[in-house]
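These notes concern the structure reproduced below.
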Amino acid sequence: MAKAGVMTLSHVDRMNLRTWTMAIACCLLSFVNIVVFSVAAHFPGIGFPCYYPRIIDFDNMNLTMYNAIHHLTPQLFLDPVQLIVYVIFTELIFFCVLSYYIVCWVQIYFRSEHGTQVNQSTRDINFMGDSATCFTFVLTMDTFQIFLLSLSFRLPSMVAFSKCMYFMCLTAFVVTLVTHYESRERSAFALSKIHPKLQGTIRYRTAVVNLTQLILGFATMVLAMSLALGFGNSFFVKTAHVVFGAMVAFAIVACVYFSIIESVLSRYMKVQFGYHIGTILGVCGAMYPIIRYEALNASSYARDINIGITVLLLLCVAFSVIRTVRFLLRRNKRYRALALDNEEIRALRSDAE
């Protein structure tokens, strides 16, 4: 029998908790699958046609060369060491997200007191990351696995397509994890109604959001490189022009995401620096092949490429400074003036008169 003032699990809570448990189990299976897949891809004779990190031979790269039909034309991409580090780091972030979901599930599933409000568990699940968000995370991991498989088969068009799908799924996961499909006011109201024992877990949620934004920022540069790889091997274009096109694509996508963070997402969560750090790391990752390989460094286009990379880096740093300044200003704001045209204020004034 329930204690006085304490609610038991309702039918809605039980159904949502079961669905959420199944979603987290699917996340766990997908994570194990992608880890086993990425490890097996490093060993020959298991079924992978090529060693996926070596999709580009920088020694044969020529910026003045046009696309060679029916041959893989080298384009600007991550070198083997960078690609392996990128895969490992991405999977570590996936592990952190999965750990966050498991911690939330343990705290909600095994707690003795379910709260004093109706459907308290449903409220908590929706705020911490509901079943739809979990399934979006599953799609994110699955599309990343398809991206690695495309690299192994050395299919440039498929690499570009799978990277676009992964980028869109990761974007959807980040946005839904921040907004909960709700307005800022409803999200703030849901935060005030969660179970008291989950207050400390909110800090982990902030860290998870920033970590996923970090890989989203780096994935922006990988997306631009993947599009360049697919476009440069599908049309009769010069390699140097494809490199410049990748820079423009990165600048456009990054500016759009920076604007969304500043105008929309920052209202839901104050601490959001992950995407800014990720884009800076992505630009630095693009610098490494240009500096390391003589075929790129000695080209007549090297100066223009270096200028373009520098502009991209300054762009990311500028938006990072803007985010930092806005965060500090919002943090130091002690109060907010009430709007003079508020209906409640007008009603109070009329009553006073």
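Backbone N, Cα and C define each Cβ position, glycine as well.
According to Swiss-Prot, the features are:
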TOPO_DOM  1-27  topological domain 'Intravirion'
TOPO_DOM  49-82  topological domain 'Virion surface'
TOPO_DOM  104-132  topological domain 'Intravirion'
TOPO_DOM  154-157  topological domain 'Virion surface'
TOPO_DOM  179-210  topological domain 'Intravirion'
TOPO_DOM  232-240  topological domain 'Virion surface'
TOPO_DOM  262-270  topological domain 'Intravirion'
TOPO_DOM  292-304  topological domain 'Virion surface'
TOPO_DOM  326-353  topological domain 'Intravirion'
TRANSMEM  28-48  transmembrane segment
TRANSMEM  83-103  transmembrane segment
TRANSMEM  133-153  transmembrane segment
TRANSMEM  158-178  transmembrane segment
TRANSMEM  211-231  transmembrane segment
TRANSMEM  241-261  transmembrane segment
TRANSMEM  271-291  transmembrane segment
TRANSMEM  305-325  transmembrane segment
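Per-residue confidence over the topological domain 'Virion surface' (154-157) averages out at a pLDDT of 89.
When DSSP labels each residue, the topological domain 'Virion surface' (154-157) comes out as 2 helix, 0 strand, 2 coil, counted as helix, strand and coil in that order. If one looks beyond the transmembrane segment (241-261) by at least 6 residues along the same chain, the residues whose Cβ comes under 8 Å of a Cβ in the stretch are 63, 75-76, 216-217, 220-221, 223-225, 227-228, 231-232, 272, 275-276, 279, 282-283, 301, 304-305, 308-309, 311-312, 315-316, 319, 323.
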